[in-house]
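Worksheet: one structure, shown below.
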Amino acid sequence: MTTSTVPLGSTEQWKDKKRYLWLIGLVVPSLAFVGYGMWALTGWGVWFWIGPIVILVIVPAIDLFAGLDRSNPPDDVIEALEKDRYYRWITYLFLPIQYVGFVAAMYLVARNGDLSTVDKLGLAISIGCIGGIGINTAHELGHKKEANERWLSKIALAQSFYGHFYIEHNRGHHVRVATPEDPASGRVGENFYQFWPRTVWGSLKSAWNLEKKRIARRKQHPFRLSNDVLNAWLMSAVLWGGLIGWLGAGITPYLLVQAVVGFSLLEVVNYMEHYGMLRQKVGVGERQRYERVDPSHSWNSNNIATNVLLYHLQRHSDHHANPTRRYQTLRDYQESPVLPTGYAGMIVLAIVPAVWRRVMDPRVLRHFEGDMSRANISPRKRDKILAKYPPPPSIEDGVPHVGRALRDASFLGSSGTTDARDERRVETTEVLAARCPGCGYTYDVVTGDEREGFAAGTAWADVPDSWCCPDCGVREKVDFVPVEPART
C-alpha cells in the first residue's frame, strides 16, 4: 500500500515539499563548470576528478545524513501534478547544460597544453559520470508519450553512444524484467563485472532484434532511418564525428573513456535495481506465463538526496507498474524490498563484489522468506548458492510456499486451472478497438498503428499474441480490454 502526506479526511491542501529541491538535479551537469572553474583558480588537477568524487563519495555521505522521504502525493493531485510543466522543464534544462560541458571538456582536452594525461583522464571520467546521469534523464524522457520528449531522450543518449537503450529499456527490459531472459536484471551469484558484458551485449542484441521485428511487420528491411537503433546511433556518429573533425583525432580515446564510464554507470544501476528478483511462473501448460510485475520485483530506496538527483529513479517499483508516470508523481510502496542506502552508496558496494554479496544476498533471502530457490540465480552458481542457502524444510518436503500458492491462486481463474485474463482470447464479437488497462494506449483497427507495423484495417485477431503495449511496455495483448472505437 502507499501512504500520503495528507491524512484521510483532512482539508489541508497537499503541496510538493520537494518542488524546488528537484532543481538540485541540475547540479550534476553543472559539475563540469565547477571543475573547470576551480582548476583555473587553484591549478589543482584533482578538480578534473570532480565527477567520481561527488558520485562515489560526497553523495553517499549526504545520503547517510539527509534521511528518508516516504511521502506520496494523494491520488486526487496526481493529474494536476503530471500536467505541471515546471517539472518537465527541469529535465529539459539538463540537456543544454550537459552538452555545453561535454563540448567544453573535449575542447580543453584538445587545445589546453597545460593538462597532463592524468588531468585529461579525470576530465573524461567526470564527463562520463555526467553523461551517465544524463542517461537517467533520457530514461525519464524516453518513457513519455510526447514525440518531442522521446527525441530529447535520444539526444541525451548520444554523448554515451548508447542510443539503443531507448528501445531495449522501454520494449525489452520492461517486458522481461526480473526474469532470466532479461539481460538488465542482476542475478544472485553474478557480480557486476560478470553482469556488465552480459547486459551490454545482451541489451544491444535485444534492441536490434526488437526493431528488426517491428520493421519486418511492415515488410521492410531494418537498414533504414526509421530504425530507432540506427537513427540513435547516427546522432552519436554525427556528434562524435563533428568533434573529431573540429578538434582532431587526439580526443578519440577520451570520447571512448567517457562513453564507457557513462553507460557503465547506467548498467551498475541496472544491476542493483532488480538484483535477485524473479517473477514466478504461474498457470499451467501452454498458458503458463510470468506473473505480472508488481512492487515486490524492484529494489527501492527513499534516501532523499539521491532521489532528487535522479528524479525519483529509486522509486523503481511504481515506475515499473506505471512506466509513463512522471517522476514527481512516483510513489513509495511498503511491500517493495528496500536497499540499505541510496543508489550512489550502492554503486560503491557493487564495485566491490565481496562486500556486495555480504550486504545483499541475505536481503534477497529474506525477501523470498528463506527460499533462495525462488530468486533469479546465475545458472553457473545455482548449486553453490542453494548449498549455501538451502530451502526451508517445508520446501524440501514438497509443501509449496504459502506466498507462491496464494499468488498462483490469485492469478488463476475461478476453475483454478486457467489464467482468468486468457478468457478474453475467446471473443464472441469482432474487436474494433482495445485499450491497455495500464497506460490507456488504444489500438484502433480502422487506423491500425503504422509505427508498430500494423497497417490501417489490421484486425485485432491478426495482432501477434506476443505483442506488448508500445507506450508502457508492461501489458501484453491478452491484458488489453475491448472498447468502443473513438470516432470524430
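Using N, Cα and C of the backbone, Cβ positions are placed for all residues, glycine too.
Matching 121-138, 193-210 against TrEMBL, the residues noted as transmembrane segment span 121-138. Model confidence over the domain 'Rubredoxin-like' (431-483) is summarised by a mean pLDDT of 90.
Of the two recorded stretches, the transmembrane segment (89-109) lies close to the transmembrane segment (121-138), with three or more CB pairs under 8 Å once pairs fewer than 6 apart in sequence are set aside.
Counting residues 6+ beyond its ends, the transmembrane segment (229-249) has Cβ neighbours under 8 Å at 103, 106-107, 109-111, 154-155, 157-161, 163-164, 166-167, 207-208, 211, 222-223, 255 in the same chain. With pairs at least 6 apart in sequence, the transmembrane segment (47-68) and the transmembrane segment (121-138) have 3 or more Cβ pairs within the 8 Å limit; the two touch. Remote same-chain partners of the transmembrane segment (47-68), defined as residues 6 or more beyond its termini with a Cβ less than 8 Å from a stretch Cβ, comprise 31, 34-36, 38-39, 115, 119-120, 122-123, 125-130, 133, 265, 302-306, 309, 341-342, 344-345, 347-348.
DSSP labels the residues of the domain 'Rubredoxin-like' (431-483) in these numbers: 9 helix, 12 strand, 32 coil.
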